[in-house]
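Asks: Residues or ranges marked as compositional bias 'Basic and acidic residues' in TrEMBL: 329-341. What TrEMBL records for 712-731 is compositional bias 'Basic residues'. Marked as domain 'LRRNT' by TrEMBL: 17-51, 364-398. Residues annotated as domain 'LRRCT' in TrEMBL: 294-342, 645-691. Annotation source TrEMBL lists region 'Disordered' at 326-354, 692-731. Residues annotated as signal peptide in TrEMBL: 1-15.
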Amino acid sequence: WGLLLLAAALGVTAATRCPAPCICDNLRAHVLCLNGSLMAIPDTIPELTKKLDLRGNSLMVIPAGAFLAIPYLTHLDLQHCKVERLEEGAFRGLGRLVYLNLASNGIALLYQESLDGLSSLQQLILQGNRIEEIQPGAFGHLGSLTVLDLRANALVYLPDMVFQGLQVLRWLRLSHNFLHVLGSEAFAALPALRRLSLDHNELQTLPGEALARLDGAVRLDLGHNPITYVPEEALAMASLRHLVLDHASLQDVAPDAFARSPQLRMLDLRENQLQGLPPLAGAWGLARVSLDGNPLLCSCLLRPFHNWLARARVQAEGACAAPPALRGRSLDSLKPPEMRCSRLRPPSSPTTLPEQLRAASSRQCPRGCVCSPDFHHGSCENRDLQEIPRDFPGDTRLLDLRRNTFRTVPPDAFPGLKELVSLHLQSCSIQTLHPGALRGLESLVYLYLTDNHLSTLAAAAFEGAPQLAYLDLDHNAFTRVPTGAFRLLPNLISLHLQHNAIGELAEGDLAGARGLRWLYLGGNAIRHIAPAALAPTKMLEKLQLEGNHLAEVPTAALQGLPALSELKLSRNPITHMGDSAFLPVASSLQHLYLDNMGLEQISPHAFTGLGPKIRSLYLENNKMSNIPDMSNFMGLEILNLQDVPFHCDCQLLPLHRWINKLNLRVGATCGSPAEAQGLKVKLSTTFQTCPAWGRGEAGETNPNKTKAASKPSKKKRSKKPPARGFSKSRA
């Protein structure tokens with residue numbers, strides 16, 4: 001009886017502690033706080049909550065111990081919460097959590113203690129962040145994890161043992177990154193892995209050495225990588241049954257390429273550049289080969305492969321591209337006598353690809369530092385050093401020198417480190433990066449110079465580091481973008497210049513940054529962007545300008561950016577938005593942030609050109625009383641209209657109708673007239689007095705109509721499906 005009384009008391013307590021912006025289902029122990037303006041985790045969430053859904057808020061940072069008050073959580077959804085940083089110990093205390101979704105945020109780094117405390121976690125979703133680097137040990141506390149989703153991030157390099165601790169992981173999803181360097185032991189700690197997805201990356205060779213550690217993997221996805229050749233015994237995966245290598249750049253495959261993968265059953269080679277294949281020796285279990293979309297030359301040169309298909313009873317999918325007499329014929333319809341040669345020379349075999357050199361070194365670690373031969377890491381973090389130490393092992397790949405007082409980085413500061421991939425120089429009081437400072441770092445991909453005192457940079461500072469892809473210069477003293485500094489960085493993908501004192505973006509500032517895809521300029525003092533300032537960055541996908549001093553949308557500067565999918569203008573003093581403000585990027589833009597600007601008026605034609613491609617639109621915390629017609633925005637997944645003082649009169653009736661068709665929580669509230677103040681636009685009855693109310697558009701629910709009269713309306717409505725959204729979370 002005492003336990004029952006205690007449970008009842010706890011139930012009452014939970015029911016009375018539901019945070020104001022949230023909806024609590026105490027019977028199922030669920031709490032929903034969707035698509036709002038929460039800046040922190042509410043501290044009044046019922047203690048017994050098991051499922052917490054915080055999608056679409058503005059949390060930015062998950063601090064240490066953020067969920068200590070709700071230790072019974074099993075499911076936590078933090079999608080689209082603008083999270084940029086997970087502090088060490090952020091999830092400590094959540095020992096019962098089995099599902100954590102952090103998709104579509106702005107997380108850039110995973111540190112060793114970021115995910116501490118999640119001993120029961122089974123699914124971790126990190127898709128659609130901007131994770132550039134994972135430090136080994138970041139997943140060390142996730143011994144129960146079975147699915148890890150890292151799709152659509154910014155990974156270029158996977159160090160050795162990066163997934164250590166994931167003893168029961170079954171599916172690792174790394175698709176849609178920029179991976180082109182994999183440590184030979186990157187997958188060494190994944191004994192239970194069954195499926196690995198590496199498609200849509202930048203791998204130029206098949207990473208056979210790294211994949212050989214995956215004895216139990218049965219499916220490998222490597223499609224959409226620029227791999228040109230599969231060499232001899234390239235894959236030694238004892239359990240592999242399904243290999244996908246579609247839409248690559250394959251020109252040739254060695255005869256015994258798959259001889260060490262005896263269980264291989266399905267081989268997908270669609271949409272490559274193969275003119276033919278040799279008989280695949282050793283692939284005794286192969287049942288099907290797909291060659292659709294290849295320029296197959298069905299001459300006598302293809303006869304050995306064709307004969308092998310028949311002998312091995314392998315089904316082949318594909319059609320001849322030449323000679324003309326056989327064009328379009330399927331492989332299985334060919335007869336050997338038809339496959340003739342007429343003055344044809346065999347295609348030249350590709351040259352054998354050289355093996356990567358290993359520069360292992362037995363030199364001692366510098367005094368006061370720690371070097372890990374297993375991880376190829378060196379660390380001298382927070383050792384009060386005033387000069388950059390030398391004599392690190394030559395195979396060092398990650399070097400952590402944070403929190404020292406170097407003040408300057410001299411020429412040739414890192415001799416003998418040709419394999420170094422990641423260099424951390426945050427919080428080192430650095431004022432000068434001398435020309436030639438990075439000379440010899442020919443493998444360097446990541447350079448972190450955050451929280452220093454840099455005010456200028458010369459292009460020569462990056463001499464000798466041509467592979468540099470991620471450059472972080474946040475929290476320095478730049479008053480302008482260092483003109484021409486990026487000319488020697490042809491592979492630069494991501495540039496961070498947030499929280500400096502930059503006043504304008506001028507023509508020529510980004511000269512040479514032709515491969516740049518993400519540009520972060522938030523938290524500066526930018527008042528003007530020259531029309532041609534962004535012209536060199538034709539591949540730009542994300543442009544973040546939040547927290548600057550722009551008084552208008554930089555429409556002219558957006559010309560010539562055909563790939564731009566995300567534009568963030570939050571917290572700029574833009575009070576009026578004119579016609580066709582986003583027209584130059586209307587065909588590609590998917591995510592648009594216009595929140596917290598003090599926006600008072602939006603032209604009826606401001607969103608001209610935008611429509612079905614837009615997936616998220618943030619307009620919260622502004623001052624306008626109406627917004628333009630957005631009936632064409634049929635692909636919306638997030639629409640935030642909270643804290644906008646809408647005037648709920650007849651002019652707002654189209655918005656009321658449109659919101660009623662959406663399957664989204666938008667948070668739109670009436671600010672006036674007095675009788676409607678505080679009511680949801682969706683539910684306000686003030687619109688029923690409008691002359692057009694009775695002549696509502698198809699699909700509007702009108703309580704004065706008879707059921708018979710409403711039937712045509714329903715039929716008509718079905719022609720225009722509602723915008724996609726979080727239908728299961730609708731409250």
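The backbone N, Cα and C atoms fix where each Cβ goes, glycine too.
Heads up, TrEMBL stuff is auto-annotated, nobody curated it.
Just so it is clear, the model here is predicted, and its values are computed rather than measured.
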Asks: Taking every residue in the domain 'LRRNT' (364-398), what is their average pLDDT?
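Replies: It averages 88.
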Asks: Which residues of the chain, 6 or more past the ends of the domain 'LRRNT' (17-51), have a CB below 8 A from one of its CBs?
Replies: 10-11, 57-60, 62, 66-67, 69-76, 620-621, 638-640, 642-643, 664-667, 726, 729, 731
Asks: Counting each residue once, how many in the domain 'LRRCT' (294-342) are helix, strand and coil under DSSP?
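Replies: Across the domain 'LRRCT' (294-342), the residues distribute as 22 helix, 10 strand, 17 coil.
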Asks: In terms of Cβ proximity under 8 Å, which residues at least six beyond the ends of the domain 'LRRNT' (364-398) contact it?
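Replies: Answer is 135-136, 157, 159-161, 183, 358, 404-407, 409-410, 413-422, 424, 443.
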Asks: For the domain 'LRRNT' (17-51), how many residues does DSSP put in helix, in strand and in coil?
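Replies: So the domain 'LRRNT' (17-51) is made up of 0 helix, 7 strand, 28 coil.
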